[in-house]
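A.B. asks: I'd like to ask some things about the structure below.
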């Protein structure tokens, strides 16, 4: 894959890539698809060289320089050019959806690109190369004759331009690989297809002529990567938009402002996906949004106060036609992230065609100017007459990092050929419109009279709030902020709304949908009225009751009769009036914020059975069934995809005379609906089953293709990671200029732009504990290595060979994991006895751990630590580097879960859960504070600290657990993420060779028809291994199953006296077997409940039995019971284990639920999600570390409240 490289200032020489390891703003942008990255049919844009700023990002005084260079560097290298090939690919997309286009592209390497750009040779004119291209024109003519098509003037101009560029590229690079004057058949065909696509997209005539094309960025409320095409009559702009309808771009908890108290007292889970923004009651809810906003009709999104402190809660607002919604994020950075992503989605939603096209007749251009807004960029400003009738003038801004002057010259020459006279001036009067600071540039003004109006095929919508305000104001706001980063630009809001939504006539009983606001207060009537509360309520109830009864027993309404046509029957419920059907379709999409492709098939009035029957209406669409309540005071909305429905069946209603319908949902409780008649219920059942059959057949047809496509996606190429990298650079720019800068890169099926940081961060992963604590970090390290970063794992010496076998750097810290585990198993949870023994055995070890951790982590750029390691937060404070925590058990204050070391026997509510975290934090800090503060003063040269100043609850936290098992709590702040398991697959077919006796044992169990169960408690230390082994043997024989046994408990610090227990033939002693290889081949698993083992079991989709010994194992024993996939054993003996094994191997409900949970976990990529969060929260983490140093700099005395030496015993 070719890589864009900076060019040297000396002409005629191509430069080698410069080392930019210490510059986080430097990026690579690669093009995927086509050939080696440069799939363009025309001149590729190359990045102008920028001197490296090695340490500038850490210098506060260089903020403005950093802002300019970071934005310039990023957008420059992102201006790769794939537009022509994309247009070509898109032209034949309909005929080749499943396979890439068989295309052998122009073999142009990076050196040829660099040479052409360095010498700065302008494009050769058609007349200069006519002799060279005649053979190619003859070949094209022959091709067209064969296709029975006459060669047009426009096609000739495209081929001539292509030959000229090949000639220039070959001469400047000195390449001898091909004749630079020759086009092969593939390129000739490609040029013809390009002509057809341009003519179709922009409605060009055959008499038009192609002049040139250039990569550029459209400056609007977003920075949109695209391409300008210049013809003899038009200036054309084209950009593909990313298609992310099925991907959740952003999610997290937000506070909502109450309309009555005006306080942000309610937390909801927000999801931004495709064209909608929805709020749910919690992170596990998927079908019942409490708020549903269609982004196509959103007018504006902005921060309410962008000048707040960094880590203070920040309010942003969404303005719709009906009301303004206020949301509070946990910090300014988080609010900016929401605003930036919302603006991108709004822009994409309002340009639903998948691309943005602008067509400007050259005759309508009133003014041209090139302005240098900041270093290494040129901005082309166009003043264009919109129409002769309105005489409105539009401003368009296009940013170039190369060839800006050439673009201006090309436009001038084309206009001159049309007889439009131009004059030059040193600077345009409108230069100051873009920025308050001085700009250098040249301007061209019209003298001739206009003769035709501007034509825009797919224009940027105008007049829709600040998102789609006139481009002049949006561009000036962004660029003005770049020029003056210390000042916050104010953005005007236009109240003009172009979108008109029809009224809904079937919602007399309530307001529209969750996204709408209450009606404005009416003015009080001047007429006297005689009424009482009793009469008013009686009248209201009687009216609504009569309406409800009449609507409930109304007949179904069909809006598509294809089902009855296929059956050869007449549809008695079909709405024959076309206008009524169109209005109903519009209402349906509006209510549930559905795309235009969603079609309403039928609708029914019914009751939805929740706590009480809720009257409403069911809608059957092409891909989902929807419901909305119609009774006053209720606000229930449901959007349920057919793909999540397992079955539908009929039953009697709960009330006399009603007919019931049950919808069975995968991994969710059943839904009950009551209809007023059997006819309506049966009709709904018929339509539902038909759509389910269609959905399943369609899904099966594409499942194999989807699987192959997913298998080919690498970690570094995932959409989520690409978005995270882009968001990281956006965050840096926003932090510098104090304004949101949404950047949209082009993307289509065959070619996408990818941003990568050129700086290789040194990630240090610090952890202590057992093998299960180290294994996830190896998986994360592999992902970071794939991202081209450097990684070092710091842990106990015994894991060194294992870690280094993956090519990961290793460093040692103090401590014996077996002794730590023995302490934990002995005391199980936090207690006085635990503290006493810890004081006796580990007081000296804490000092050794802190010192060895500091020695191993001093070269870190980013530090990720298990909080049990204790040293990381202090090391990050000293080094002023981003610091993250990662763990497998609850460690963050929340009301949803107790602390993993203080899990009660039974659930005791949110207040108790929150209290367990407070208690543990204080006890844990009291136990280590003495050693820690001594180490801080003597080694780190930092002042003493206390629990408050540590600000542990503000540290970005990554939970490497599946959100299916550990759903994010609503009171988690935005920097606490549940990313998914970090699996380390060691048992793949090419890396693990199972012993033959194990395979024979498994095959015999299958032949005998016996369930196969795995039993192993990892590296747990137990006091009496023999007794535990005997209990396992008795339980296996009693349950009549076959067992694969891993007796790890007898190998570590156990009593080695006595004779080893002999195992019966029903049990095979396997030792360590890779879980990813084994668990997919058995029926159930019994283990200790470690996070890694639990995750591997659940991913395999098999039931699990957990016997917890200490720590988070009690937590996961409760979780597997809560989600219905297994059993937690508080006490293990032969009887209890036998009963549990029988239950999980025979209970169909547990088995099916485990399979469903397994599918969900298999669809997750925890490592990819973790790296995405690292990018997203990197800037926040760095600010947090630096803020502590600023605090100490402002303190004149030690604030530590630890007057006595803290220890493990003094609490």
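Positions of Cβ are set from backbone N, Cα and C atoms, glycine also.
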A.B. asks: For the annotation region 'Disordered' in Swiss-Prot, which listed range does it cover: 360-390, 391-421, 422-452, 453-483?
C.D. replies: 422-452
A.B. asks: Scan 244-275, 276-307, 308-339, 500-531 against Swiss-Prot and say which stretch is down as region 'Disordered'.
C.D. replies: 500-531
A.B. asks: Based on Swiss-Prot, name the residue from 788, 1046, 1133 that is recorded for the same UDP-alpha-D-glucose site as 770, 771, 773, 1072, 1073, 1075, 1088, 1091, 1092, 1093, 1112, 1113.
C.D. replies: 1046
A.B. asks: Looking at the binding-site residues 1091, 1093, which one has the fewest other Cβ atoms within 10 Å of its own Cβ?
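C.D. replies: Comparing Cβ neighbour counts within 10 Å for the binding-site residues 1091, 1093 gives 1093.
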A.B. asks: Count, for each of the binding-site residues 770, 1072, the other C-beta atoms lying within 10 angstroms of its own C-beta, and report the residue with the smallest count.
C.D. replies: 1072
A.B. asks: What is the three-state DSSP composition of the domain 'GRAM 2' (586-652), stated as helix, strand and coil residue counts?
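C.D. replies: So the counts come to 10 helix, 38 strand, 19 coil.
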A.B. asks: Taking the residues 770, 771, 773, 1046, 1072, 1073, 1075, 1088, 1091, 1092, 1093, 1112, 1113, which the record names as binding UDP-alpha-D-glucose, find the longest CA to CA distance and state it in Å to the nearest whole number.
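C.D. replies: Taking every pair among 770, 771, 773, 1046, 1072, 1073, 1075, 1088, 1091, 1092, 1093, 1112, 1113, the longest Cα gap is 23 Å.
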A.B. asks: Please state whether DSSP places residue 773 (UDP-alpha-D-glucose binding site) in a helix, a strand or coil.
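C.D. replies: The residue in question, residue 773 (UDP-alpha-D-glucose binding site), is helix (DSSP, three-state).
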A.B. asks: Compute the average pLDDT of the predicted model within the domain 'GRAM 2' (586-652).
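C.D. replies: Averaged over the domain 'GRAM 2' (586-652), per-residue pLDDT gives 91.
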A.B. asks: Could you break down the residues of the domain 'GRAM 1' (196-235) into DSSP helix, strand and coil, giving a count for each?
C.D. replies: 7 helix, 21 strand, 12 coil
A.B. asks: Under a three-state reduction of DSSP output, how is residue 1093 (UDP-alpha-D-glucose binding site) classified: helix, strand, or coil?
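C.D. replies: The residue in question, residue 1093 (UDP-alpha-D-glucose binding site), is helix (DSSP, three-state).
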A.B. asks: May I ask which residues of the same chain, at least 6 positions away in sequence, place their Cβ under 8 angstroms from the Cβ of residue 1113 (UDP-alpha-D-glucose binding site)?
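C.D. replies: When sequence neighbours closer than 6 are ignored, residue 1113 (UDP-alpha-D-glucose binding site) has 1088, 1089, 1090, 1106 within Cβ distance under 8 Å.
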A.B. asks: Reduce the DSSP letter at residue 1075 (UDP-alpha-D-glucose binding site) to three states and note it down.
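C.D. replies: Looking at the DSSP assignment, residue 1075 (UDP-alpha-D-glucose binding site) belongs to a helix.
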